[in-house]
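Enquirer: Quick paste of what TrEMBL says about this protein:
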COMPBIAS  9-25  compositional bias 'Pro residues'
COMPBIAS  26-42  compositional bias 'Low complexity'
DOMAIN    559-651  domain 'DYW'
REGION    1-44  region 'Disordered'
REPEAT    136-170  repeat 'PPR'
REPEAT    241-271  repeat 'PPR'
REPEAT    344-378  repeat 'PPR'
REPEAT    379-414  repeat 'PPR'
Amino acid sequence: MWAFHTPQPTQPPSLFNPPRTPPKLPSSSLTLNPSTSNSTPNHNQLIQSLCKQGDLKQAFKLLSREPNPSQRTYEVLILSCADQSSLSLAQSLHSHISENGFDQDPFLVTKLISMYAALDSLDDARKVFDKTRKRTIFVWNALFRALTLAGFGEEVLGLYRKMNRIGLPSDRFTYTYVLKACVASECMVSLLNKGKEIHAHILRHGLEGYVHIMTTLVDMYARFGCVAHASFVFEKMPVRNVVSWSAMMACYAKNGKPFEALELFREMMIETQDSAPNSVTMVSVLQACAALSALEQGKLVHAYILRRGLDSVLPVISALITMYARCGELELGQRIFDRMEKRDVVSWNSLISSYGLHGYGKKAMQIFQEMIHQGVSPSPITFVSVLGACSHAGLVEEGKKLFDSMRKEHGIHPSVEHYACMVDLLGRANRLEEAAKIIDEMRIEPGAKVWGSLLGSCRIHCNVELAERASHRLFQLEPHSAGNYVLLADIYAEAEMWDDVKRVRKLLETRSLQKVAGRSWIEVRRKMYSFVSVDEPNPQIELIQSLLIKLVAEMKEKGYSPQTKVVLYDLDESEKERILLGHSEKLAVAFGLINTKKGETIRITKNLRLCEDCHSFTKFISKFTNKEILVRDVNRFHHFQNGVCSCGDYW
């Protein structure tokens, strides 16, 4: 446990504006000779003026002729070095400050640490801190901030413990930085526990009235996926601002609760009359619409964005492109992109991933090449998007060349995400031995994402040997993830290894793990409907069931054959067919057929990979009923029309 100390009773007006107290100088230096006091020109004002004009080199020349630089002059010079990204001048200035005896001035020390942080020279920032004899809370906060922004969260928490041991009280800014430090690098359980300790300390000292502290708490819990904790903090907040609402909405949107995100947005619009949603809020709302494929809701949000004049904000535009693409309207997303006056790498990434999601791998590659041609440097996420697009389209050789070009041409070292994409690319193409070889030759720890990609590919091609190898590692890395056990059981079931199926099921039971239930969403007349199973209450459930039974009977006469192999139980065929009829996607399709007009597209989202039977069923339905059906599963879009799927049965 950490030793905590009560915060200072009087709060400073700002973290970066502590009292300006220059160091005490020798008494002799305070006595000016009347005969020389007016003869020496004072260059302080001129130096400051040159800095504001951006003429930093001239300001430095003048500094060398100024015998008594003021604290304000040094402050302006520090800020100018950071603004002009000049590390060499910054280090020269630091030496000048030290020679003039200002290196122990707490105010200037905080500015120096912030300057070095802005120049990505954390070693220099640490040296400034280490050489400071009298460290005020402002000095500690400056280093906390610098290290947190650079991703050195564990170092911050170590320093925070040290600060508490020496008895220096925290202020309200300290808490925001140490909470952010908990999620600055990897979100580990040990760091979550430290975040909870800090939370307890905040409550013990009655700091829950500070909205920025509580908002940071919400964000911390959200990053760890602790939605219930984040919601509890949010509900207990005595005061909320637009940042608080946005943080909670982002928590829901990024943690698989898009319904709750949209509901909270409606609540915010009703409750907050004085603070309108900002661009950050709208990004989260658009993400929620995208997650649900809620096209009509998304269009309403788009209209609100236009009315509020937020359509020029780049993150909002990128979110709009993604929203339309994930709702099946790829052309609308392209139209928004084409109208953009300025595009950043995030905008390009949104468009690339949009085409990849729809299975247009070659088009995604073309957009990537166009981005390079226009001088936009790709980010690591760019390569995740393009490699994913290649994987969905089966462009194996193109993907391999792209992977090789990352380091050679763009100086980007492959991360776990990139290796996971490569394993998925090769695995989907049934080149599983190559995929396994890539894992064996990795220079970094593969991690759960890479092994998960291999296991998923083994599920597609029923490779028991590699599946057992991948699942063995996954059970160690993710002991509480039921999905890995279910995938292995799927593979055993397809191989008709029923004893092994029972063994894996037993493991699920003994470890009290519950698999994620298949869930599908459909939007009808701007209202979202959710389906999990036949047991879920729905006023039209009897009508849905009878329609499904009728459709299956008629489609069997046209050649449809239920793929009962996806049922993991050793049952007779008729019982397996009954279970298949309860799949959430079939329920959503039937609901759409009942409640949509002729010629209206049915749009469905599913939280898991589309099973082989649901895929075959929906192809038949699209032809049998002359309906266009869009289904987005966890991997990609399936556009069913006239008995054909856009994926070409490659998913």
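Backbone N, Cα and C atoms are what each Cβ position is placed from, and that goes for glycine too.
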Enquirer: Restricting to the repeat 'PPR' (379-414), what is the model's mean pLDDT?
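Expert: Within the repeat 'PPR' (379-414), the model's average pLDDT equals 94.
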Enquirer: What are the DSSP helix, strand and coil residue counts for the repeat 'PPR' (241-271)?
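Expert: For that range the per-state counts are 27 helix, 0 strand, 4 coil.
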Enquirer: Could you count the residues of the repeat 'PPR' (136-170) that DSSP puts in helix, in strand and in coil?
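Expert: Once the DSSP states are binned, the repeat 'PPR' (136-170) shows 26 helix, 0 strand, 9 coil.
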